Amino acid sequence: MGVGAKMAYDEREMGAVVGEEVLGSESMEAESGAQEEKIQVSVRLRPLSDKEIGRSEVSDWECINDCTIIFRNTLSERSMHPTAYTFDRVFQSHCTTKQVYEEAAKRVALSVVSGINSTIFAYGQTSSGKTYTMTGITEYTVADIFKYIQRHEERAFVLKFSAMEIYNEAVRDLLSSESMPLRVLDDPEKGTIVEKLTEETLRDWNHLQELLKVCEAQRKIGETLLNETSSRSHQILRLTIESSAREFLGKDNSTTLAASVNFVDLAGSERASQALSAGARLKEGCHINRSLLSLGTVIRKLSKGRNGHVPYRDSKLTRILQPSLGGNARTAIICTLSPARSHVEQSRNTLLFASCAKEVAINAQVNVVMSDKALVRHLQRELARLENELRGPGPTLCTSDMSVLLRERDRQIEKMEKEIKELTRQRDLAQSRLEDLLQVVGDDRASRQWSEFDRPSKSCVTKTWGEDENSNSELSVNGGHQSSDFGFTRFNHSQYSNGHGLKKNGRGTMEDFDDLCKEVRCIEMEESITNKNFEFSGLSNVDSEEVVSSALSRNGDAVNQEFAASQQDDEALHDSAASTYSSLQQKLQNMPKTYDFLFKP
Ligand SMILES: Nc1ncnc2c1ncn2[C@@H]1O[C@H](COP(=O)(O)OP(=O)(O)OP(=O)(O)O)[C@@H](O)[C@H]1O
């Protein structure tokens, strides 16, 4: 298969990613939740050994339920240490390794068949039962993996096995007879790797059993006072599983799940005085303790969150196991305890380590290797998903809402344009009637007054629009308000042709409007006059036109007959007409503001 890329996925995405290759609904897969996970921590208490019984040691530890272990202080010593410790699971001394596997390791270990990296650690002081526990757990896990493979004939599996030990801070290949230490390198894609580490492709169960025997034979074992067969190195056995649906094998669009499970049997912490080690054993003990110390430091740092520097690089052990320590792997730690009173201090240290470890969050993801074509398809889907997200939730609803909004705007704009036209017409009419009226009256006083209106005055003269904006002959009198307050300078066409489908309809109307505006001499009465008599602003367009017409014609007739004789009537008539005109002008001024309001984003 042409492998395009290896990618890690949240399990929620798994169905979408694997697409045609979604795995069956095995319970162990269904169990996998996407919520934040922590390292699963259990404690296993071993029985007193024959030697310990011979020394009349007593067991000071007791599991009072499935999750809590307490220190039974038979000496009634007042201690600064806690007496009870709670973990995901605690196992009494009579519990079998099978039980430990089922309840403390299986779920994590078998994640590997779903493409999730996993690691099972055994941690504890020397002779506490780490090797005893890990040997069993490795066998049970591998047996279950083989059973799983048998049940899933629709998928093709490839199993690879590698094994290494870290002895005196040097990495050795347990499947090779060469004793040359291997280099630990940082690979930009794969992370930390052990260079030239043998990786055997497993043929069957028997093949694996053979390889496990080789490892056992190769591993550094030494006799100490505490353990005749004490492991003097940290051992990491790694089983990598790749699987693809047979249906898609060899095709461009196939995807492969790939993950590894690590079985880590750490060397035990020991006190040189207790182990009575010297020479080579002492040197080993120092290295063991140092690397365990750096493992403890990493765990302690991680237990307090991911802030700050985590010293993974302080030891080969933490460097190689970095992904299993709060990284892209599910991790279970089984802490083994000796119940003997003589080991109480070491046991407490182990429980302290376990307490920190249970706070460490992990970030396990499904690892999928995709063919180039499948990768392209996945990325296209991802792109489409992101585009949809950018458009916001409920894109269909949003689009339809927008079109309703735009239609409503169009309707309002159309209505406003009609109103502007109508108001302009009314204003022109009022103006021409006013002029007619003044002509008919021919009154000297009125003429004088007209001249005064027509004369530019500093306080009330402002510019008009467009071409005539600099012309003094096209001046407007606006009752003391600057014409910029009209808002016409802000009333530009572009606002109405900005892609809302208004350009075509809007332009003709607005050009007409501009033309009209240029023709109109803006005349407003001084505020003192305007506010005198005629309250017009509350009327509708139709009402206002009628009132204007009737008021003007009524007053006009009266003026024809009486104006010359009655100065008072004359003023009133003039005031009415001016007020009407002023009201219309005011309405017209307000229209662009309404436009602005409609087009505010
Ligand atoms: N749960 C148990 N039940 C019975 N025997 C046990 C149990 N755990 C350990 N033992 C025995 O205790 C002895 C020490 O166990 P083991 O070698 O596994 O310890 P260890 O922690 O790996 O020690 P080291 O760190 O020195 O390698 C062995 O003889 C083993 O068979």
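Glycine residues also receive a Cβ, built from the backbone N, Cα and C atoms like all the rest.
Because the structure is a prediction, the values reported are computed rather than measured.
Annotated domain 'Kinesin motor' per TrEMBL: 38-360, in sequence order. If you look up TrEMBL, you'll see GLY124, GLN125, THR126, SER127, SER128, GLY129, LYS130, THR131 marked as ATP binding site. The coiled coil annotation in TrEMBL covers 369-440.
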Entries of GLN125, GLY129, THR131 (binding-site residues) sitting next to ligand 1, with Cβ under 6 Å as the cut-off: GLY129, THR131
Cβ-based isolation winner (fewest other Cβ atoms within 10 Å) among the binding-site residues GLY124, GLY129: GLY129
GLN125 (ATP binding site), number of other Cβ atoms within 10 Å: 26
Packing count at THR131 (ATP binding site) (other Cβ atoms within 10 Å of its Cβ): 23
Local backbone state of THR131 (ATP binding site), from DSSP in three classes: helix
For SER128 (ATP binding site), the number of other Cβ atoms found within 10 Å of its own Cβ: 28
Of THR126, SER127 (the binding-site residues), the residue whose Cβ has the fewest other Cβ atoms within 10 Å: THR126
Where THR126 (ATP binding site) falls in three-state DSSP terms: coil
Neighbouring C-beta atoms (10 Å sphere around the C-beta of LYS130 (ATP binding site)): 26
